[in-house]
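Since the structure comes first, as structure tokens, the remarks are kept for the end.
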């Protein structure tokens, strides 16, 4: 059996992980985060008692050891203050949450990019693998032309709000699009972009992120990709419909070689290799048979 | 202990085997051609180990053989550029045509009464047997490596990975007309595999063909040029062995379709014969490894027997023949042995 492909967590999974306000470490589970905080940040250095919060530790220190707690142990710079009451993920200021999410996002896309460069695999959501794979439509040329004609008529009559066919042609938006953008907190609640608007670009946070929804694909747009907003001029529309038909016609054959090429060349050894001389011709040239060859 | 239902011929050629062919009207009459410059005729069931009825000496290694109009006529193709007719009763041999290089394959089409030979000189010769001594030539773009036909189509695989499909009807007409035939192929295709084509074989139901390459791969394609049929074509890897993290890839030397069930057998340089179901894309079974490369496979017309020619291929340049490596194996198939399995889904 072949090795199971490693599943890398997607961005949403990474963003959902609980993490520690004091040291930015993230954890599988909230319970583990809380026990981490009790052990690393809320533990009394005198008696080893683990308290639930920084405030609790402060009270314990004053009452039991008659000492004043100045800052939280093992905290990164600027986070050691006692003014904020932290328990697990509760009490973390929103701006710090956004800052953390932004870092996770940046790291995620940097990782994905690095992995893409290292393996040559398409980034998540950019290929046709997995959940975004559309079932191959088995339409005859007539059916496509019929659909195209219906679309033209409907379009001319203003019946259709927006072309269904074209919307289907767009790859399903990758799951990435729905995560709460940290910057969006400025104008909109996380995840709630105004309809139709392009999500704000995260400034400087995503170096060379491939596969982002707002980024156009590399090279020329695929023949089936239509301008989504605004009615395209009539000529463009027919031209792209022709492209659509042509694309549908050649799709099955065009897919196969691409798939072949993406497969990695394994360490293989051909028992026989030649471009033009067949094994029989090689045999015929051997001394034991060459004497019978006619010239 | 040999497996049940399988035996080897007692008297085998002394050099590698180029072809095994069953007679059209008998499942025990077998022709074998060999690099030892002989064509052998056996009755495989006359006695245990089969009986060698006769052998026919040629001036040069014989690269292919086939039965003609009946059980008593055969045609051979050889390294001496000649296409020969052999009268299996009298042993008389007549040259039908001369190519300008070795002749790789001969094929006789019963429905069209047409003999076709394919040669390394990049031509096909068409022989209309009602006009002895006459033949027509068709130019090919490259050396012919394998030749096969379904009831209506002739498939030629060539050196530059190209595959030409001709309509036998038109070829038969051209052969009757005589002279240099100007028959255009019905379809020109490029092999769907990256490496040299090794063998082609047609489905008995006239729907398509399978081809194999030197790089352990078999492709199945359909004749019907429609988009729907063409999108059904596929290729798969086989006849490979993993040794110390390295894949040893053997050429697939032989392909043969079962005349009744429509499944097919592949034989490889690894000495393995496997049966495949082309429709359900499944391997039905794989037989125990033979001691040398499987060079050629043929099913009898009733589908009850399969003959397999096993001999070293000398692909690596050495021409040493180990004892007992050159053998023809006959296997009697049980009723369901070569029958396709239903898809699991």
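Start at 1 and count along the chain as shown; that gives each residue its number.
Using the three backbone atoms N, Cα and C, a Cβ is placed for every residue, glycine included.
What TrEMBL says about this protein:
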- A:214-225: compositional bias 'Pro residues' (COMPBIAS)
- A:13-72: domain 'BED-type' (DOMAIN)
- A:42-70: domain 'C2H2-type' (DOMAIN)
- A:118-139: region 'Disordered' (REGION)
- A:203-237: region 'Disordered' (REGION)
Structural state census, the domain 'C2H2-type' (A:42-70) (DSSP three-state):
12 helix, 2 strand, 15 coil
Residues of the same chain, at least six outside the domain 'C2H2-type' (A:42-70), with any C-beta under 8 angstroms of its C-beta?
82, 84-87
Mean of pLDDT values spanning the domain 'BED-type' (A:13-72):
90
